[in-house]
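A.B. asks: From TrEMBL, for reference:
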- Lys140: active site, charge relay system (ACT_SITE)
- Ser215: active site, charge relay system (ACT_SITE)
- Ser239: active site, acyl-ester intermediate (ACT_SITE)
- 97-566: domain 'Amidase' (DOMAIN)
- 14-36: transmembrane segment (TRANSMEM)
Amino acid sequence: MWFSGNHRQLLKGLLYIGGACVAYYWVSSLFHGFFMRREYARRRERKRQEKAAAKRAFGNYLNKHPMPEEDIAKITSKPFLELVHMLKSGQLTPERVLLAYQHKAFEVDARCNCVIEFLYPDFSEINLNGPFSGVPISLKDNYSVKGCESYAGMACHLTGPADKDSVMVTVLKSLGAVPFVRTGVPQAMLSVLSSNPIDGTVLNPLDLSRSPAGSSSGEGALVGGGGSILGFGTDLGGSIRLPAAMCNCVGFKPTPSRLSKRLMLNTNRFMTTDSSCGPIAREVDTCITLMKALFDSPLHHELDYFGAPLCYSTSISTDRRLRIGYFVDDGSTPPVPAAQRAVLVVKDKLAALGHELVPWQPPVTGTEWLKMFLTTLVTDGGMPLLQALRYDVVQPPLNQSLKIYKSWWITRYFQQFIARLLGRHTELQLMQACCAVHDIPSLMQHLEDLKAFRQRIYDHWNQERIDAVICPAFGMAAPILAKSNRKFTEMLTYLNLFNVTNMPAGCLPSGISVDENDIEALKNSAPPNGTGSPWSKDVIELQADTLGFRVSVQVAAAPWRDELCLHVMKEVEKAVRL
């Protein structure tokens, strides 16, 4: 009895202690969450007030340094190469060109809310004898600039300004480029929409009711609106090419590792695919000139030994007849008629220039490569993103993903069953991706599957002996709405393919606009009532008021053939202008 009585007392004491520990943990977590949410709210409000004050101050600066509208229009309308020539020859000064673009960017920002910070460049830090001779450039938020705060719409990153420039910014300054604005992004840079709880919503300069898409939203809007002649973004799943397509610009995504991402803000830590730095511009020549200067920069290779030390190849013959593949459908989600027509028209024009155009269909469907792409994004289970946004205000586009990341494994399998039953294909693919990697063996299997997937694409490419491919840039023909709860993941497959395969790719205007025949063809392609996916029904409504919108096409080449990709883009641009 003595032993059993003490045993009961001991057990009771342990239960009390355990209960007290659980209560302490619960109460402390509650208080910690409360104070962290207050702290994040304070940070957001502080940043909003700083931004508003800085923009007012910059407006006052421009009032004290006026410039005639005709001069602003004359300078900001010049092509990149002509502007560089005039700077080199002394016909224009870097200060005057900068002021013109400051005025223009301020005006575009007033309409589109695309700039998060106007900079005051110090020309003593710029090599004005470099190849760009003082051309103003704009930078996406995640390009770290000394003295500026990069935060990607997330309060957890509002911890103070950077103490040094990122490698890309350092190299650009050494080449004579002048960073003069920093532009906005969607929250965590993981959305095709363009809003975050700190900066608000970026609007499309071509139609203020629509989005420039993301995640290089501000760059697409600013360049498309004429407020920048050359912008820099990043592309993980189409984040350069999509805004370029939506804003009628040229966007280029190099092979990953051709350009350095060292010292840049990184919100995506553990992935098995890589993003690329690249330009958004008005003409292909701008991208070619830029890439040549960056690839040939000794400083670029000195500052980042993880980058490929490959100089710009000049071995490509501009007179050679090219063998170019084309496809208009990924085998899963057909693009709208205007997007298909744009590819076919460009194909005919390239053939008229003497190139050989052949049908080329990827050996896998869009659904298959989308699932592979999503798996590469969430090999970490989404935990780093979940922790970063735990106490933050989360925008609707990220809410669904975070709910999946928070759920238990067994719950995810049940949700897969429900999504399959209800035909929610995008949710199903994301949940399957989240369940694909859960331990070391499954991670190793994923890496093997990814390698085999890429090799399958490369082998098919080589068997057809093609130099490059043209295809839709986006499955829709017009910008998506600025505020929408719809998901557009299915139409991103045309962009994602070249991310998951590490191929260089670019988007540029096709010269085609949506006409009445395209709208009518889209209506006629609608599935009968009660059939078709939710997306196939939504797309008709989304494209209803798109008459006259311009459509882009996409060009891609094999990995490390960036120069060839740019050459084909130039050929497309030439063909379109015929």
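Yeah, the Cβs are placed from backbone N, Cα and C, and that goes for glycine too.
Keep in mind that TrEMBL annotations are predicted by a computer and have not been checked by a curator.
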A.B. asks: To see if you understand the setup: which same-chain residues, six or more apart in sequence, place their Cβ under 8 Å from that of Lys140 (active site, charge relay system)?
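C.D. replies: When sequence neighbours closer than 6 are ignored, Lys140 (active site, charge relay system) has Arg182, Thr183, Val185, Ser216, Gly218, Glu219, Gly231, Phe232, Gly233, Thr234 within Cβ distance under 8 Å.
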A.B. asks: How many neighbouring Cβ atoms, not counting its own, are there within 10 Å of the Cβ of Ser215 (active site, charge relay system)?
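C.D. replies: I get 35 for this one.
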A.B. asks: Would you count the other CB atoms within 10 A of the CB of the residue listed as 'active site, acyl-ester intermediate', including those on all shown protein chains?
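C.D. replies: So the number of other Cβ atoms within 10 Å of the residue listed as 'active site, acyl-ester intermediate' is 32.
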A.B. asks: Rounded to a whole number, how many Å is the Cα of Ser215 (active site, charge relay system) away from the Cα of the residue listed as 'active site, acyl-ester intermediate'?
C.D. replies: 5
A.B. asks: Find the average pLDDT over the domain 'Amidase' (97-566) in the predicted model and report it.
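C.D. replies: On average, pLDDT over the domain 'Amidase' (97-566) sits at 92.
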